[in-house]
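Enquirer: So TrEMBL has the following annotated:
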- A:1-23: region 'Disordered' (REGION)
- A:40-61: transmembrane segment (TRANSMEM)
- A:81-103: transmembrane segment (TRANSMEM)
- A:115-138: transmembrane segment (TRANSMEM)
- A:144-165: transmembrane segment (TRANSMEM)
- A:177-207: transmembrane segment (TRANSMEM)
- A:238-260: transmembrane segment (TRANSMEM)
- A:272-305: transmembrane segment (TRANSMEM)
- A:317-337: transmembrane segment (TRANSMEM)
Amino acid sequence: MTTQTPETRNPAPAEGSAPRRAIPDRLGTPFARILRRWEVLLFGVAVAIFIANALASPYFLNIWNLSDATFNFTEKALIAFAMALLVISGEIDLSVAAIIALASTAMGAAAQAGIGTAGLVAIGLGVGLGCGLVNGFLVSVMRLPSIVVTIGTMSLYRGISYIVLGDQAYGGYPESFAFFGQGYVLGPISFEFALFAVAAILFSVLLHATNFGRQVFVIGNNDFAARFSGIPVERVKFILFLLTGLMSGIAAICLTSRLGSTRPSIAQGWELEVVTMVVLGGVSILGGAGTIGGVVIAAFVMGLVTFGLGLLNVPGIVMSIFIGLLLIVTIALPIIAGRIKAMGKS
Amino acid sequence: MNATIPKPLAAPATQAAPILEMRGISQVFPGVRALDGVAVALYPGQVTALIGENGAGKSTLVKILTGIYRPSEGEILIDGQPVRFANAQAALNAGITAIHQETVLFDELTVAENIFLGHAPRGRFGRIDWGRMMAEAARLLVALEAPIDPGLRLKELSIAQRHLVAIARALSTEARIVIMDEPTAALSRKEIDDLFRIVQTLKDAGKAVLFISHKFDELYEIAENFVVFRDGRSVGAGRLKETPQDAIIRLMVGRDVKNAFPKLPVTLGGPVLEVKAYTHPTEFRDISFTLRKGEILGVYGLIGAGRSELAHALFGITRPSSGALALEGRPLTVATPRDAIAAGIVYVPEERGRHGLALPMPIYQNMTLPSLARTSRRGFLRAAEEFALARSYAERLDLRAAALSVPVGTLSGGNQQKVVIGKWLATKPKVIILDEPTKGIDIGSKAAVHGFISELAAEGLSIIMISSELPEVLGMSDRVMVMKEGLISGMFDRESLSPETLVRAATGNA
């Protein structure tokens, strides 16, 4: 009986004479690839929060309560989808909440003047697009850094709202306008939630299944290489700012409709919540990586946390502490895990 | 260590003992032997010219002397005593200072602060003695005959003045050994004269100078001794004045370079790309040539001769101020890379990581990037088509990768270059511009890239190959265009190619 050493069973091919090895398309099984993803970890967090909520409060598992809970995130998530694309491309828009304020103010003024629901929607969308156009022009055409531009327009847009309204508020929206923020399309499924679901699918397709989405990733990973490959970098960024403005306009319609009134402080501080949602969803703040799926899960996580803590009568300031911790922990975990892995290798 | 290394010519008997001697220095990086047993000696009051092609190992040697690299083998002697530099500070303390091609200086600091950064004169309690610093700076600048106010901020100075500040900084450490790494590259003739006066002062003060330059006229003017490097080896040394330029060029380029890259014989077709009097506001002037079908046009020249800038203009990254293009007889305007790609002109950039690839993205996505219109349908991606396209070029280029979906950044330099080339070939171009196609890649991949370039030309692709490596230019090109200071300084057919003529045309010393 002969025992074979591993060497004789697998003789190393001589240098240069090795047959050309076919390169596989992908490594590992599809299942193994999915398990390694950030979204899986985040989904686990969402499930854990869901279970914790269900255990902590007897009111949580009520279908109408859960439906109500979605309002905590649907409007922000609508903006977060567009923001995700913008952040992946290496830019950011901090004026989104101010766009809501300006669009809402414009709609309020129009409602006072007796304009109907269709007109109000058109105004909301138009103001959103217009604000996005200004941001896009300053970033893509004037080549200014987006963080500076949108901090500026953030003050500008909300400032206009304050000048128009002062300490007043607009109300008196037409009855049919209430549908966008308060209506239900099917059973406990609200119009907002349906819009959120449709937008999630559309943005997911745009980012992950089109040439445009691919270009967004390339720009975020290497602006130079994108230009050197013939991608119209400035045009893509301009479109992304328009899209973010438009989604902010849609969010403004939903929020104004839900609240039934407009104050200049509407949606104050939302820009950071939107960015938090995007980053929590696994989008690299440095650009170049991220998924819409991750943002969807992050929206649920943030919504569930806010809602669950609300049911337990936890004050708002504590909620924001909790969201902050969640953000830091979820960002830190994979980085720490990566370091441990790297240490194991060396 | 190696039988092929000629012995350094014996220094004349009158020579004083060297201040610094390097013996058998080797520097090994993973996969590359950057220096292989080189020997250099520097003498007090004398300038030694370090001569060699790009990539011959000159910069590596400078980094060893300034304590940035620690050599893998060999010893350094100062005044006959062996020394080892643990870091840059140690080299500085040993009396070695370097003036680099681009010395790091700080725009927002004053001239005096720049000169004394890191070793400012101290007063009581370790506080900086500003008065003494200003006075010392002024004294150094006066010694350099440089009328610069030490209180000015650096950003207010001209390039030449900054250079003087860099020199003052180098001298502020009381160094005995001064390394000048291509100090004249950015200077006008008058400024060079000023610089040479400074070098003369250094010599008079008994300092040893190592002077790196590509310009022979300057070297003969200033240097006493020379050392020639080729492919990481010191292949010759001696008294410069007694050695004719031709002999040095022969040492630089070696003799057996022409057969290193067997290029397939190709019957050239008609003209494909005609460039007429292309001119850039600052980088190049009046560039005209015609590229034929299946031709490899080598573009040789020193760094800064305007070669990459010409490629950028042809590819639409920058725009020429005047001149015209014609592709296959039809006039062509290239304002953006998109225009160039659409017309069939593509560019493989010199810095592939920075300009050519999205390193964190998968191989196949990098490969299909400029061909998305072909692999997609109505703007929607089709993964199967992308993999198929990427696979066909990966196989043709013999790409070595674990899978087509791994990030390009995980590949070796040579394989990354294959991805960039594959990416552009997939667009089915008519003209491909290769900018230093084998820079920084290992020998094996180099041969593969050369073989592939030759095959492409044989298939009828027209190629502009910018290269600073003489063997590559000589071995691969049908014709060679030499550029110098933004102008064409020579155009040579394959039959009339010789290393000496190219180097002469590039360095401008007929």
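Cβ atoms are placed via backbone N, Cα and C, with glycine included.
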Enquirer: When you scan the chain for residues with a C-beta under 8 Å from the transmembrane segment (A:272-305), skipping those not six or more beyond its ends, what do you find?
Expert: 38-39, 42-43, 45-46, 49-50, 53, 69-70, 72-74, 76-77, 79-81, 83-84, 87-92, 94, 96-97, 196, 200, 203-204, 207-208, 217, 219-222, 319, 322-323, 326-327, 330-331
Enquirer: Can you tell me which parts of the same chain pack against the transmembrane segment (A:144-165), counting only residues 6+ beyond its ends and a CB-CB cutoff under 8 A?
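Expert: Counting only partners 6 or more residues beyond its ends, the transmembrane segment (A:144-165) has Cβ contacts under 8 Å with 86, 91-95, 97-99, 101-102, 104-105, 108-109, 131, 134-135, 138, 241, 262-264, 266, 271.
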Enquirer: Run the contact check on the transmembrane segment (A:317-337) against the transmembrane segment (A:40-61): 3 or more C-beta pairs under 8 Å, excluding pairs closer than 6 in sequence.
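Expert: Yes, since the transmembrane segment (A:317-337) and the transmembrane segment (A:40-61) share at least 3 Cβ pairs closer than 8 Å, they count as touching.
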Enquirer: Between the stretches A:40-61, A:81-103, A:177-207, A:238-260, which one has more Cβ pairs under 8 Å with the transmembrane segment (A:115-138) than any other?
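Expert: Highest pair count goes to A:238-260.
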Enquirer: Could you tell me what the rest of the chain brings near the transmembrane segment (A:40-61), counting residues at least six beyond its ends with Cβ under 8 Å?
Expert: 34, 280-282, 294, 297-298, 300-301, 304-305, 307-308, 311-312, 326, 330, 333-334
Enquirer: Residues of the same chain, at least six outside the transmembrane segment (A:177-207), with any C-beta under 8 angstroms of its C-beta?
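Expert: Same-chain residues near the transmembrane segment (A:177-207) but 6 or more away: 63-64, 66-67, 70-71, 73-75, 77-78, 81-82, 84-85, 88, 111, 117, 120-121, 213, 216, 247, 250, 253-260, 291-293, 296, 299.
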